[in-house]
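Presented below is the structure to which this report refers.
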Amino acid sequence: MTVERTLSIIKPDAVAKNVIGKIYSRFEDAGLRIVAARMAQLSQAEAEGFYAVHSERPFFKDLVAFMTSGPVMIQALEGENAIARNRELMGATNPQEAAPGTIRADFAESIDANAVHGSDGPDTARTEIVYFFGEDALGA
Ligand code: UDP
């Protein structure tokens, strides 16, 4: 059994829709535990730093503008295979391609306003958890 932690963000579109609780229920029903959480209004520098890997992509400027357009809810999730499990719950990046019953299929409108972020692997999960919560949130 691999107990992992992953970084999740409920993006401004989903916070505006008032579905934080519904999304949290999906995490909990799937066996993921919220071990750190905070609501934040990201600054431009914080959003740019978080998405630095995408800085050369054509959508980068719009992505940063979107992520700073309103409050986000940031959490670290813990559970068995938490990284992959959260990605399954989220669904595909483009909500039009996301499987029925996934968070993006149910709550997202478009590829740029797609409701949630989730770390895509162990290295990014560690980096992203430390980015928002510091080393202590990495767990044992
Ligand atoms: N994104 C976008 N346009 C694109 C591709 C991605 O606006 O053509 C945004 C989208 O919000 C996505 C984020 O950039 O969630 C990061 O992209 P990634 O490919 O890492 O997708 P994710 O891991 O979020 O599914």
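Cβ coordinates come from backbone N, Cα and C, glycine included.
Per TrEMBL, the features are:
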DOMAIN    3-140  domain 'Nucleoside diphosphate kinase-like'
BINDING   Lys11, Phe59, Arg87, Thr93, Arg104, Asn114  ATP binding site
ACT_SITE  His117  active site, pros-phosphohistidine intermediate
Around the Cβ of the residue listed as 'active site, pros-phosphohistidine intermediate', the count of other Cβ atoms that are within 10 Å: 19
Arg104 (ATP binding site): secondary structure state under DSSP, collapsed to three categories: helix
Binding-site residues close to ligand 1 - of Lys11, Phe59, Thr93, Arg104, Asn114, only those whose C-beta is under 6 Å away: Phe59, Thr93, Asn114
Length of the line joining the Cα atoms of Phe59 (ATP binding site) and His117 (active site, pros-phosphohistidine intermediate), in Å: 16
Which listed residue (Thr93, Asn114) has most other Cβ within 10 Å, given these are binding-site residues: Asn114
Length of the line joining the Cα atoms of Arg87 (ATP binding site) and His117 (active site, pros-phosphohistidine intermediate), in Å: 9
C-beta crowding around Arg104 (ATP binding site), within 10 angstroms: 23
Integer Cα-Cα distance in angstrom, Arg104 (ATP binding site) to the residue listed as 'active site, pros-phosphohistidine intermediate': 10
Other CB atoms, at most 10 A from the CB of Phe59 (ATP binding site): 12
Cα-Cα distance linking His117 (active site, pros-phosphohistidine intermediate) and Thr93 (ATP binding site), given in Å to the nearest integer: 9
Distance [Cα-Cα, Å, rounded] between the residue listed as 'active site, pros-phosphohistidine intermediate' and Lys11 (ATP binding site): 7
